[in-house]
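What follows is one structure encoded as structure tokens, with my remarks underneath.
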Amino acid sequence: MELKGTTILAVRGAQGVTIAGDGQVTMGQSIVMKHSARKVRRLYNGRVVAGFAGSTADAFTLFEHFEAKLEEHRGNLVRAAVEMAKSWRKDKYLRRLEAMLLVADNEHILVLSGNGDVIEPDDGIAAIGSGGPYALAAARALARHTQLDAETIAREAMRIAGEICVFTNDHLTVESAETQA
């Protein structure tokens, strides 16, 4: 699955988790359709943050399914993600969707792939989309060699990815998960 046109980055720090996403929507290899799309949003009363890469229509379908799983499992991110992945693998319609989700709460960051994978990074940093490798590398370097908070790392890493990846811009949506009371 070749995903073009976006970068989504999650960074967990001492104060919680932040997900940042750029706003560019690209049609094919050469047409920028929109600069200010929102590909990151809060779910489950603000306790979960999610972003997507891939087809917009497919991603919204997956968001709806994931949000339903979150409600069904009372906000348990890992359980909802595993159940979502099972559904994704079994359902003939969902299997054809070309999108990936990056979901996080203050304890876990998970990548949900179209193959039904649920992957949790070891270092609390994950990225998806065409600019994902650049954002991931920049975020890891910043996390290892600075005292910056998660949001600052996410913003700066996304800025760097936007300088390198032509499918990523600097119009960011940045959301942080709320701490449970």
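Cβ coordinates are placed from backbone N, Cα and C, and glycine is handled just like the others.
What Swiss-Prot records for Thr6 is active site, and it gives sequence analysis as the kind of evidence. Positions annotated as Na(+) binding site by Swiss-Prot, on the basis of sequence analysis: Gly162, Cys165, Thr168.
Apart from the site residues Gly162, Cys165, Thr168, the chain places the Cβ of Thr7, Asp22, Gln24, Ser130, Gly131, Tyr134, Ala135, Met158, Ala161, Glu163, Ile164, Val166, Phe167, Asn169, Asp170 no farther than 8 Å from the centroid of the site's Cβ atoms, the recorded Na(+) location. Taking the Cα atom of each, Cys165 (Na(+) binding site) and Thr6 (active site) are about 9 angstrom apart. Listed in sequence order, Gly21, Asp22, Gln24, Val25, Lys39, Phe52, Ala53, Gly54, Gly129, Ser130, Gly131, Phe167, Thr168 are the same-chain residues at least 6 apart in sequence whose CB falls under 8 Å from the CB of Thr6 (active site).
Per-site Cβ counts within 10 Å over the binding-site residues Gly162, Cys165, Thr168 peak at Thr168. A coil conformation is recorded for the residue listed as 'active site' in the three-state DSSP classification, outside any helix or strand.
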